[in-house]
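One structure is given below, encoded as structure tokens.
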Amino acid sequence: AFSHDCRGHMNSSSHLLDDLETPKSIALPSALPHSIRAPIYSPLDGRTPLGAILHTLEGGLQPLVPFFYDMGIYGLYFLTFIIIFVMVLTFRPKTGKPISSGKFKQFQSQFLLVFLTMFAGDWLQGPTVYALYAYYGFSRAENGILFIVGFGSSMLFGPFAGTLADRYGRRFICISYGVIYSLCCITKHFNNFHILLLGRLFGGIATSIVWSGFESWMVSEHRIRGFDDDWLQSTFSRMTIGNGVVAIPAGLVAQLAVWAYGGHPVAPFDVSLAFLVVGSFIIMLTWQENYGDSTVGA
């Protein structure tokens, strides 16, 4: 009887709890309808005032991103060049005897002007040679042939460059460098494999001259003018450091020339041609000829 009463009491409690439950027909929704929900946007979303401003700026600045990136890279290069240039100006190589001759300093400056101008003509071509051949549509195999011809002609002509300079004159061989390398630059305007092959032949010959002809003229002229041999170290040091310094802006000028010429990679060769012509004229107007002669230690 007791258990029966307990079960009856529990059933009554259960019915009472059921009556207290929320009817399913009026259950609250798990989320409010979209029409009455408060929108939650990111502050950078384009639909917020701040986001709209940022998106507008982004759309206007997007085309300028490559420009600012390039200017940053060029600025870094330019800063590096300025630092090295200042170091070169303040560089004082140690020599056996102090340089006290104003004539020697003038001779050294005139030679370095020509030497670095001619080497600038060489450095300007390097960054875009392969790009030019690819622009003309040549295959990698054809590119390889063009490069092999250039290096091969330099290897074959190199051993004879010094002998020819001694026989026909160092001034003459240096002018020949400017003329031959100028012809090499002109051939780059032709989208013809055989003409470009001839240009690579010219380029290899010119490379052999530039690494021997100018130095031999300088050493011979230095001794002809009676300057102290210990001062040669000063000139050689400035030749080496100056050549490295010139290479930096030459690469920048080559890139700017391509940009100014509408992206055509032949532009640096035209700039190189200008340097070579100017350098050759300076040689013709200011240098005197010298030949191989044991009396001057050539």
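Cβ atoms here come from the backbone N, Cα and C positions, even for glycine.
Curation plays no part in TrEMBL annotations; they are all automatic predictions.
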Range annotated as transmembrane segment - as stated in TrEMBL, picked from 174-196, 197-219: 197-219
Touch test for the transmembrane segment (240-261) and the transmembrane segment (111-133), at least 3 Cβ pairs under 8 Å: yes
Outside the transmembrane segment (111-133), six or more residues from its ends: residues with CB under 8 Å to it: 142-143, 146, 174, 177-178, 181, 184-185, 188, 196, 203, 206-207, 210, 214, 218, 221, 235, 238-239, 242-243, 246-247, 250-251, 253-255, 258, 265-266, 268-269, 271-273, 275-276, 278-279, 282-283, 286-287
